[in-house]
Every structure is written in structure tokens, then in C-alpha cells.
């Protein structure tokens with residue numbers, strides 16, 4: 001896909017949102033999509049005298065110029081061959097981008113050990129407690145909230161604060177996902193429509209910048225499904241119960257136009273090992289859903305390799321892909337060994353990535369072979385999961401998944 005086609009696809013996905021937001025929010029949307037810093041994004045209202053031959057006043061390589069309600073703006077503008085504008089007819093939104101935006105930026109450095117110390121105070125709101133988890137770039141701490149009098153309760157570290165370098169993209173994406181999707185009013189409306197009492201999405205308490213770091217604050221949990229699995233604490237009934245809850249969550253996320261793309265045991269949290277109320281977290285790989293199937297090599301193989309969907313291996317995020325990822329997890333929780341599992345190493349190169357992708361394609365094209373290869377202790381659970389996979393592999397890319405039918409299979 002050349003730059004123009006990619007550009008048009010992205011603008012079609014984002015233009016409706018962009019015009020509903022303030023200028024700063026529009027900049028953030030574009031920053032998220034094109035992976036540039038906010039200083040590289042400019043929004044201006046072109047005057048009636050502006051023509052295609054005139055350059056915007058800002059002259060910076062790798063910039064994106066956004067024109068709202070512009071006139072005389074065509075699909076190519078400026079003197080540079082790699083520069084062009086695209087006008088989205090529905091919302092009259094015009095954006096200009098330089099091909100030089102594809103210059104690779106340095107990978108942000110992880111937070112050094114003990115850089116954020118216990119006892120630190122973030123923006124006069126949050127008191128940092130002990131570290132409760134560490135990832136590739138950031139760290140998660142317990143936290144207490146200051147009240148209006150500047151005090152906090154010593155025994156109330158019921159919050160979790162996730163901190164990463166502010167140049168790291170996933171936490172930026174996650175922060176905006178929380179703001180746009182985890183909205184209590186919308187969640188309550190969905191629960192009412194679906195006649196369910198509970199939807200496993202974490203409570204969001206705020207986010208912001210702290211020195212050279214970005215942070216997000218959410219509810220703190222006690223454990224995750226991966227730990228229960230490794231301890232042998234997942235039986236067939238519990239696995240099906242978790243599957244039903246995840247189906248509810250992804251249906252809601254999909255209804256808001258997003259794909260999760262990284263469902264796995266480590267990202268499914270719970271309190272006091274209560275599997276009747278699980279919470280799906282980590283939205284750093286979330287992306288907006290597009291009904292155009294357009295593989296993107298830059299996004300190919302995103303996610304956790306063992307569970308990545310066939311679409312994700314091609315650089316396309318899809319609703320059916322989330323369901324496929326869930327199915328792979330449920331097989332593993334059931335004690336099954338995925339046929340490509342031995343290939344999934346932390347430092348997998350391109351050859352291994354392609355081998356895993358090809359293995360999934362092979363087995364999804366022959367489910368009988370797949371389920372003969374995977375070992376199950378529970379025949380009833382195996383039959384349910386086989387029916388589940390037989391259903392989801394028939395879903396076309398653009399098709400809305402039959403969530404209720406999948407519920408019925410697990411019930």
C-alpha cells in the first residue's frame with residue numbers, strides 16, 4: 001500500500017472523530033495515528049486566497065498539516081512530490097502529510113529501576129506505593145489518592161498507577177481509549193441493552209504527565225488468569241465462564257469501534273481470585289476498526305505471538321481476530337498445547353513469525369487436524385471449543401460477529 005492509499009484509509013477512519021473534538025484533541029488523534037510528536041502537528045484554517053501551490057507557513061520535515069473546512073484543496077498540494085492533501089467529502093477535512101514521517105524514531109528507554117520511588121507524589125494527587133509489576137518500558141505501582149486536605153489513607157492503596165516514558169506510544173493509545181470508551185454512562189447503557197449485571201472493564205481515575213513520564217490511574221486488582229492457570233486453578237466450568245465474560249467485553253469494545261488485539265491471561269485481572277468478575281486490561285495495542293481489509297507490514301504480527309490472530313499476522317486488526325485470540329487462550333487454559341507454541345520465543349525473527357502465521361493458517365483450514373493435535377482432558381469442553389472455532393472461521397472480515405450465538409455455545 002502506498003502512502004496515499006494508507007493516508008486515505010486512516011483519514012476515513014478518523015475524520016468523523018476529529019471534527020467532533022477540540023483542536024488539541026484533533027492533534028492527539030493525528031499524533032496517535034501517524035506516530036509523530038504534537039510539535040509536528042499543525043492545524044490551520046486556510047484563507048480563501050490559499051491555493052494548491054502555496055505552502056503552509058510551518059516548514060518542518062515530517063509534519064502533518066490539517067486543514068479544516070478548506071477550499072481549493074486537492075489531492076496533491078505543495079511543491080514536494082511526496083506531499084499531498086486528502087479531502088474527506090463527508091466532513092470536509094483536509095490533511096497534509098510528508099512521506100518523511102516514516103523516519104524511524106528512537107525506541108524510548110525503559111524506566112530505570114527505582115526511578116519512581118515509593119513516597120513520590122505525582123501532580124499533588126497520587127502518593128506512590130510499592131511496585132506491583134514491571135513491563136518492557138514501564139512499571140505499575142500501588143497508589144493512594146490525596147483528599148482535599150492534602151492527606152491520604154495509609155491503608156487505602158486501592159489504586160494502580162501505570163507509568164511509562166512519555167515518548168512511548170502504547171500508553172498514549174491506552175489513555176485515549178480509557179477516555180473515549182470506558183465511559184460509565186455508555187457501559188450502563190450497554191448492560192441494559194444486553195440484560196447483564198456486570199461488564200469487566202476497569203475503572204479509570206485519571207491520567208497525565210509527570211516529568212518525563214506519562215501515567216494512567218486505574219483500579220488495583222489482586223491477581224490474573226495466567227497465575228490461576230499456572231497454579232492449576234482453572235476447571236472447565238470456570239474457563240467457559242471467563243469466555244462468556246470476555247465475549248461481553250469485546251462486544252462492547254467493538255460497538256465503540258475498537259479492537260483489543262492482545263487478549264491473554266496476563267491481561268485478565270481479578271480480585272481475590274474471584275473468576276465470576278474478571279477485568280480485561282492493557283489497551284496499548286487497541287486500534288480503531290476499519291471495514292477495509294488492508295494489510296500493513298508495519299503492524300504485521302502485532303500482539304502476543306502465541307495468540308496473535310491470522311489477520312493480525314497480516315497487519316490487520318479485526319473483530320473476528322479478537323474472537324480467534326480468545327479461542328487460542330481458552331485452548332491453552334484447558335491444558336491444550338497449541339501446535340505452534342514451540343516456535344513462540346521472545347526474540348522471534350521474521351522467519352519464525354512467518355512460520356507461526358503459516359501454522360495458524362494451516363490448522364484453521366483443517367479444524368479436525370487442529371483438534372486432534374491439541375490434547376484435551378475434557379471432551380465436552382473440546383466439543384464446545386471446536387464448535388466455537390467452526391463458527392468464527394466463517395465470519396467475514398466486514399461481518400459483525402454473532403456474539404449471542406457464541407454465548408450459546410459456551411452456555
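Using the three backbone atoms N, Cα and C, a Cβ is placed for every residue, glycine included.
According to Swiss-Prot, the feature active site, proton acceptor maps to 262. Positions annotated as ATP binding site by Swiss-Prot, on the basis of sequence analysis: 132, 133, 134, 135, 136, 137, 138, 139, 140, 162. According to Swiss-Prot, the domain 'Protein kinase' annotation covers 126-410.
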Fewest neighbouring Cβ atoms within 10 Å: which of the binding-site residues 132, 140? 132
In three-state DSSP terms, residue 132 (ATP binding site) is classed as strand
Across the domain 'Protein kinase' (126-410), what is the average pLDDT of the model, as a whole number? 93
Looking at the recorded positions 134, 138, 262, the one with the fewest other Cβ atoms inside 10 Å is 134
For residue 138 (ATP binding site) and residue 262 (active site, proton acceptor), the CA-to-CA distance in whole Å is 17
